[in-house]
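Peer 1: The annotation transmembrane segment is assigned in TrEMBL to B:12-38, B:70-96, B:108-128, B:172-191, B:212-233, B:265-290. Annotation comment: TrEMBL describes B:71-286 as domain 'ABC transmembrane type-1'.
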Amino acid sequence: MSEPKTLDDVFKIAEAFTKQDPDGNGKPDTYGLAVNNYLYGPITSITGLSNAFHAYPQTWVKDASGKVVYGSTQPEMKKTLAKLQEMYKAGELDREFGVKDGNKVAEDIAANKFGMAFGANWNPYVFLDAVKKNPGMDWMPFPVPSVDGTPTKANVGFSASGYVVVRKGAKHPEAAVKMLNLHEEVVHGSRRNEGQFITVEENGERINTSRLSVVQSGVSDQGVLESLTLLRKAIETEDESLLKDALTETDKYGPTVDYLKTGNMENWAVAHQYFGFVTTMDNYTGDRLLMTAFGGQTPTMTDKWATLDKLEKETFTKIIMGAAPVDEFDTFVADWNKLGGEAILKEINDWLSAQK
Amino acid sequence: MKAAKWMRELPLHLLLLPGLVLVLVYSYVPMLGVVIAFQKFTIFSGWFGSPWIGLDNFRFVLDMPNTGQVIWNTLFIACMKIIAGLFVPIVVALLLNEVTRSFIKRGVQTLIYLPHFLSWVILGGILIDLLSPSEGIVNAMLGKLGIEPIFFLADNRWFPAVLIISDVWKEFGFSTIVYLAAITSVNPTLYEAAVMDGAGRWKQTRHITLPGMMPIIVLMVTLSLGNVLNAGFDQVFNLANPLVYESGDILDTMIYRIAFNDAQYGVATAVGLFKSVVSFLLISVSYWLAYRLANYRIF
């Protein structure tokens, strides 16, 4: 079997894992693709496969006219669900995935039942147990191929992870900005000094002092990318000194180099996360990341989201398991709009146009 | 004289104090929180800052598309659990009472009591494995009888039955012990007299044991009627999945989603208050009935 280059390869691999009895026990108890009953999230989700069909579930996306629409209700999602239903019928998904949450699926991965899974770069840490338990098992990261010529985009959440707010009427609001600048300078910038500002070692205990700062700045996307590039160069040339300018992920160097040299399984997960970084850097740069167009909460969302989310998960699970026909998707879209989705989209679009 | 008696008993009365304080702090003070049910509550504004909106939270719940179904599921599952949860332990207690070998009696008693101590988080995982259509032992046994595998946890016809049966299995040992205790308190001279009059096992059970247990049975019924809207959050939360929302979604899981996914604490409190009021009414009515029909009083 070769590495998946196209989406058809992916489906062929799924079929091979299902039909060719890879564990050789003579029973049809292996599956192509691992999916858990939450459907989305960073591990064993259907998001990656949806991306292959240019569907971006649970994400606010801009359509051709620039208006924000909901990713889960777009026609591409219907195609994804149709394919998943087909795979389910062919036995390539666990027949019982509907009752299995992420932990349960992880157990099944450890029981050597799955061939593939879509997830985030840190998934190897979850798979480590499985790999240790099953000698010869390995997992490799690959970019998601596209259903057509257009490259796949990966949908990502809202990029702001936190805000620094200052009370209205505070005497010196500019102080917060000054503190942010200082933090940025000593942790990520010109005065960066690992031993002094970031990790202080005392009596053998490492304390991450930068995380204790009242006001903190995170590493920017660009900073992460530059650090990873340095990390990659350092690992490829085995020159640790290159890491002195890296802002984050420097702890991956030692374990990865060790794994590449000795194959030490203790470092399998770190090394494989690094492989994931490399795959991501080579494939998902620039416009291949699709960020949600709206990261807040509207009043109707507060009122209706529980209902809408339940409706979505219920319908999608039923369609995949063949308990409802694929065309049930159209009913779902109509219901979703009627039960508050349309109002939410109006609020989002109104808010976004008011910001211009 | 009276004062001396009072002084003498004062320390004993003071022993009640810690218990009273605990009840006040953990049962009565939190009741003030029901005001949230009538507010558009946000954490940052608190009790005093959140605007009052009257009964809007209650209307909001009634307007939700699935509320009718959810209330029906709750009532159905809870009532079946109450009925089965009364019937099974009484029968088992009567049967165990007839077992003469003490080690069998005690062994069975302990075994059926054990699941009571396991949490639904653990049992949920175990049940998913036991009931699995491909690998579960239940379907393997059904297969031996020539029955096609049944996907119990994903089938709307079976899911409520799974909830009811597994709940009774988990809890009937506890009630059985209560009923067995009631049976031992029956005066043995009554049985001797009955034997003299020629009563067999069945007649003894019907005319002595059951009437002797009656006060406890009435008490258990009275207490359990308060649970008419409690279909068991832990259990449903750990076993439910999107495929059986239709038959398994209950008020508590709905409150959970509203409160913790959408942060609508006002609405969640409103539903909680509704549940409490219904329980209070039912307990009051059943207590009154118990007094009227069985001359039973707790106080």
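Glycine is no exception: its Cβ is also placed from the backbone N, Cα and C atoms.
Quantities reported herein were computed from a predicted structural model and do not represent experimental measurements.
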Peer 1: Hey, which bits of the same chain come close to the transmembrane segment (B:265-290), Cβ under 8 Å, at least six residues off its ends?
Peer 2: 33-34, 36-41, 43, 50, 53, 57-58, 60-61, 218-219, 221-223, 225-230, 251, 254-256, 258-259, 296, 298
Peer 1: Look over the recorded stretches B:12-38, B:172-191, B:212-233 and say which has the most C-beta pairs under 8 A to the transmembrane segment (B:70-96).
Peer 2: B:212-233
Peer 1: When you scan the chain for residues with a C-beta under 8 Å from the transmembrane segment (B:12-38), skipping those not six or more beyond its ends, what do you find?
Peer 2: 47, 50, 52-55, 57-58, 265-266, 269-270, 272-273
